[in-house]
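Below is one structure, written out as structure tokens, with a few remarks after it.
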Amino acid sequence: MKQYLDLLNHVMEKGSDRGDRTGTGTRSVFGYQMRFDLEEGFPVLTTKKLHLRSIIHELLWFLKGETNIRYLKENGVSIWDEWADENGDLGPVYGAQWRSWPAPDGGHIDQIANLVKGIVNNPNSRRHIVSAWNPAEVDEMALPPCHCLFQFYVADGKLSCQLYQRSADIFLGVPFNISSYALLTMMVAQVVGLKPGDFVHTLGDAHLYHNHFDQAKLQLARRPKPLPFMRIKPDVKDIFGFTFDDFELIGYEADASIKAPIAV
């Protein structure tokens, strides 16, 4: 995807070298935006092969409201292993905030259910927002949310989504985030009876770890291929009813994966 390669190149050429929490060191820019028209194909990297199974199962795990990695491990997904405790728990991370945000009266708010209901009943609202950043619980999370707030927008029979990501690991994290939120947009669009529009990805601290420079240069030397298309079973009309087998990526051709260390 040209949008992603442009981001990589921009950070390599224009970024500032800074320290970071992990001690690895980063080169970063503050404030960057990419836009993907979901009618033009499914936004997934073709300059390195991504593990789509992990992307889909992680999203389904979020939507289940789960915060233990048991479901992920059962489905061969290890991307959260480094942050889980000995019991597999992560604290009140994404799933808890999306599905069970604590309310002042002692109850809980299901932001995803409210989102779908709001789009159906009042599509022109400017309040179709889900937040994973809960200041009251952020210190209890194994990893505070990097992709922390998203908003939906309806126009001309299409549903678009904008994600704000406060912290963006460009080489390892951002490719997953692009595909994950593009897929979420398509899923929500299907259950509310709209066509997918744009996915807009807004980054706060967009950074490339110093030990990812060689991998980034290798990827920048590759030429992007045509985007594939995502086929979703059309009979699923409940946002919580999707399973892994409901998705099929058609025509995905990509260069070999590029390994890089995770900064924990």
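Using the three backbone atoms N, Cα and C, a Cβ is placed for every residue, glycine included.
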For this session: Please pick, from Asn87, Asn177, the residue that Swiss-Prot records in the dUMP site together with Arg21, Arg126, Arg127, Arg166, Ser167, Ala168, Asp169, His207, Leu208, Tyr209.
Result: Asn177
Exercise. In the structure shown, which of the binding-site residues Arg21, Ser167, His207, Tyr209, Ala263 has the fewest other Cβ atoms within 10 Å?
Worked result: Arg21
Exercise. Out of His51, Arg127, which of the binding-site residues has the smallest number of neighbouring Cβ atoms within 10 Å?
Worked result: Arg127
Exercise. Quick one: Cα separation, Asp169 (dUMP binding site) versus Ala263 ((6R)-5,10-methylene-5,6,7,8-tetrahydrofolate binding site), in Å?
Worked result: 9
Seminar exercise, completed: Cβ neighbour count within 10 Å, max among the recorded positions Cys146, Asp169, goes to Asp169
Seminar exercise, completed: Of the recorded positions Arg127, Cys146, Ser167, His207, within 10 Å of Ala263 ((6R)-5,10-methylene-5,6,7,8-tetrahydrofolate binding site) (CA to CA), in sequence order, we find none
